[in-house]
Amino acid sequence: MSEGASPPGIESTAFGALPDGRAVRRHRLTNARGMVVDLIDHGAAIARIAVPDGNGQLADVVVAPADLGGFVRSKRRFGAIVGRYAGRLRGAALVDGKRYPLATNASGVTLHGGDPGFDRALWSARPFEAADAAGVIFTHVSPDGDQGFPGRLTVTARYALARNADVLTLDITAASDRPTVANVTNHVYFNLAGRGTIACHRLRVDAARRLEIDGRKLPTGRLLPTDGGPFDFAGGRVLADTLGSSHPAIAAAGGIDEMLEMRPGGAAQLDDRHSGRTLTLTTDQPGLQVYTGNAFDGTDRDRRGDAIARHAGIALEPGHFPDSPWIAHFPSTRVEPGRPLRWRTRWAFGAEPQARPADGCRAA
């Protein structure tokens, strides 16, 4: 073990206090292989994941601030749980034919549940240890009318690090006392190299279609084929090739910001050929939002004190489609009393025995 790793298990320590004086704790999970995961109560966020490269050297592969102040000041939702509705809604929720106006925070659109969203909440935490894993169960209660959403929504986020495999699992459950809608995910940014940009990472996604969006970045309801275009990740694609594309969507977003329709039982795989690190994400959700940190502008600083610049990390956000309550043929995000919604994400890390150059990689 290296880079300050602890014995296998879980250790909870102080991580500072919010401006109103409430204490925040950090929960460090360590497995028998030396993998380290840091979770914090603020936003139920992933603050750090340290995994080995092809030569066995640990490095933090999560892009995030060094301290609590950085998390509180930032608008980037680093590693946090986002909701009530991850993605975009048209400034209102539709439940049983009734329109519920919502607080807006993105040019008339409700983004990631509004502000403050779940990423700003101080979640209650219950660490646990089991025979095969150690983790934390975070809980947050969103009151009826929060940001305009109906229903008292109780959300749990259960993180579990496997003891004998470099696998982190997140199970999210949302239960309501009246009909409502919800879409909850995690907003962690990865950089498997541990520094620099993700331009030379290769991404493969089991997806053949992407959502068409309008000028407000809301879905039109159409799904467009990705075959052969810059968003065709089915066979694996070096991100620099897409980031350097002249496609209008890339130019407008300053990078990748796309919702892909996942094939049932599909996965996404990210690898960094230089370090040899790999990440395989599996989920039970219908969509995967791929976002390459296009809004990073150097304002935020990482654990080394380096400015977090554009394309420093990539977020792979499993979940339902944006604006689903308004588009009848999209999968339902409805929550009813006694019928909670559930989301599962599994991140499995690995390393190739020898690092190798990324084929065809060039700076975007």
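A Cβ is built for glycine as well, from the same backbone N, Cα and C atoms used for every other residue.
Residues annotated as beta-D-galactose binding site in TrEMBL: HIS187, VAL188, TYR189, ASP257. Residues annotated as active site, proton donor in TrEMBL: HIS187. Residues or ranges marked as active site, proton acceptor by TrEMBL: GLU317.
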TODO: Could you work out which of the binding-site residues (HIS187, VAL188) has its C-beta surrounded by the smallest number of other C-beta atoms within 10 A?
DONE: HIS187
Open item on the list: DSSP secondary structure for the residue listed as 'active site, proton acceptor', reduced to helix/strand/coil, please.
Closed with: strand
TODO: Between the Cα atoms of VAL188 (beta-D-galactose binding site) and the residue listed as 'active site, proton acceptor', find the distance and write it as a whole number of Å.
DONE: 8
- [ ] Within 10 Å of each Cβ, count the other Cβ atoms, then let me know which of the recorded positions ASP257, GLU317 comes out lowest.
- [x] ASP257
Open item on the list: Going by Cα-Cα distance, which of the binding-site residues (HIS187, TYR189, ASP257) sits nearest to GLU317 (active site, proton acceptor)?
Closed with: HIS187
Open item on the list: So if I measure Cβ to Cβ from TYR189 (beta-D-galactose binding site) and keep only same-chain residues at least 6 apart in sequence, which ones fall under 8 Å?
Closed with: VAL62, VAL63, ALA64, ARG76, PHE78, GLY79, GLY293, ALA312, GLY313, ILE314, ALA315
Open item on the list: So, three-state DSSP: helix, strand or coil for TYR189 (beta-D-galactose binding site)?
Closed with: strand
Task: Span of the beta-D-galactose site, taken as the largest CA to CA distance across HIS187, VAL188, TYR189, ASP257 (Å, rounded to a whole number) - done: 15
